[in-house]
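What follows is a set of notes on a single structure, which appears directly below.
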């Protein structure tokens with residue numbers, strides 16, 4: 001009798017480990033794809049050490065644990081193919097039968113078996129009737145950058161020495177505002193197409209915009225001295241959990257393009273995640289957040305764009321142990337209002353003891369309404385977008401400034417500085433009704449969400465308040481108390497100029513090949529002094545690429561060269577599989593630069609600027625598609641075109657809303 005009871009209880013426990021999504025998938029298919037979650041090791045026991053040592057210790061502990069767990073798991077499987085992701089203590093298995101699922105669920109170290117997750121990315125909102133514009137290099141800081149006090153800190157810190165990670169739609173690394181500080185040594189990872197696309201590209205323009213806000217030049221970036229690395233977590237408008245897991249572990253210990261030779265000392269210090277789902281709490285990313293924090297990395301997430309109603313926080317932005325960011329701004333860029341779309345708390349989650357708790361969200365707020373940043377469709381243009389996707393990068397940039405001031409700051413210390421020094425008194429209350437610019441009603445106001453007064457701090461509208469790094473580092477030192485009065489918000493007439501960041505050279509790594517990006521763009525040489533421009537500045541689409549210097553002297557330029565735009569590297573995924581290659585792949589180099597002699601100085605531009613966008617990439621219709629590399633003299637090795645992004649497996653759909 002006792003034996004029967006024990007077996008019955010064991011069967012019930014095993015059955016409870018399998019999600020409803022997995023059970024339903026097995027009803028319609030003999031074999032399925034599922035995510036096997038293992039019990040995670042305790043990372044709190046890791047010794048305190050330097051950032052490099054902490055990342056390595058986390059990597060060593062998690063890889064050893066996950067490898068052992070997967071070995072035991074695969075021993076009970078028949079023919080399933082599993083891929084382990086140490087960052088989440090999970091294994092993604094394909095070809096699992098119902099019998100396989102039952103055997104896995106019996107294993108004591110298996111915590112849960114769930115269906116794959118697909119993340120759908122909503123398009124960010126671009127300001128109507130506001131075309132992309134050019135911005136001079138010495139432009140005044142954008143309103144969002146200025147609102148959080150960054151310009152007043154640049155005389156002390158610019159983010160130099162800090163690596164910012166971006167998990168997004170990729171990045172157009174050739175854009176003039178971010179080309180100077182992309183780290184080419186293990187600074188790009190593409191889990192969709194692997195080694196077929198060796199240089200960063202942006203699959204949806206979103207990632208370029210967010211990176212520009214974090215670390216761009218031309219007045220758009222909060223920490224223009226920081227370096228950035230990027231991982232293609234979302235391909236176009238969607239991303240699967242496998243790719244996001246691969247990106248998450250790349251940020252801790254960057255690898256070669258094929259995922260080998262991890263080098264933890266090159267990991268990120270802060271990671272911006274301007275993505276997330278509308279669904280209620282799902283713990284699938286919790287282990288990743290735990291690992292990031294154990295490695296000394298600060299995770300920043302957008303809070304969601306489902307406002308103005310209460311209880312609309314996104315996932316995983318609603319987690320308790322990361323910094324989620326709400327959006328400040330209005331249709332007129334009022335820096336004292338909450339953006340109407342910004343999601344509000346509270347949020348109900350499960351803590352580390354699996355206890356259900358309700359927490360206040362967001363943690364802080366930052367500018368996110370029509371912020372100007374890099375436009376991936378033209379290498380010298382800028383465009384305004386709105387959403388909490390635009391707010392989170394402001395805070396990621398602030399964290400880069402803080403770590404530039406003191407590199408060993410812990411997550412707890414950073415959280416304390418951010419939340420204790422916020423601007424509060426100047427922030428406006430919730431209106432009775434939200435309106436669109438044309439006067440029509442958008443939605444009723446939603447004050448005092450979760451029963452927490454909007455006059456209390458933190459609250460479920462602004463969190464602890466609006467971030468202000470000008471207060472934290474006001475005298476070049478870290479301060480965890482606000483000033484007597486909130487830092488005034490400068491008008492557009494502010495005269496502070498963004499610093500011109502110095503390119504950071506990347507030393508060669510002995511024994512490991514490094515990717516050679518298109519060299520930095522060189523200003524057009526002129527035969528005489530260039531007069532100060534009058535009127536609107538002109539833009540240069542897809543600027544020329546500077547050849548790799550040789551051992552001999554560089555000849556003097558002869559006149560002003562004209563340029564032919566280099567097509568973007570963004571491949572368009574197709575619904576079908578990649579066709580089999582027919583013969584050797586071919587590449588089409590960009591046309592060579594044609595010198596155009598000039599007899600005198602460059603005339604001053606007048607009138608409105610004109611721009612020529614980068615032409616789209618046209619794949620070869622038959623055989624293996626090809627990419628168009630930078631000019632052949634500069635391209636280290638032409639590669640074939642990327643394999644189209646795989647169709648995500650059927651599973652739970654999570655909608656991301658970066659901006660509205």
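Positions of Cβ are set from backbone N, Cα and C atoms, glycine also.
Because TrEMBL annotations are produced automatically, they should be read as predictions rather than curated entries.
Residues annotated as active site, charge relay system in TrEMBL: 168, 206, 389. Residues or ranges marked as compositional bias 'Low complexity' by TrEMBL: 481-499, 620-638, 648-660. The annotation compositional bias 'Pro residues' is assigned in TrEMBL to 516-619. The feature domain 'Peptidase S8/S53' is assigned by TrEMBL to 159-440. Residues or ranges marked as region 'Disordered' by TrEMBL: 474-660. Annotation source TrEMBL lists signal peptide at 1-16.
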Nonlocal residues around residue 168 (active site, charge relay system), in sequence order (Cβ under 8 Å, 6 or more apart): 206, 207, 210, 211, 230, 232, 233, 234, 272, 274, 275
DSSP state at residue 168 (active site, charge relay system), helix/strand/coil: strand
Per-residue Cβ crowding (10 Å cut-off), top of active-site residues 206, 389: 389
Assigned element (helix, strand, coil) containing residue 389 (active site, charge relay system), judged by DSSP: helix
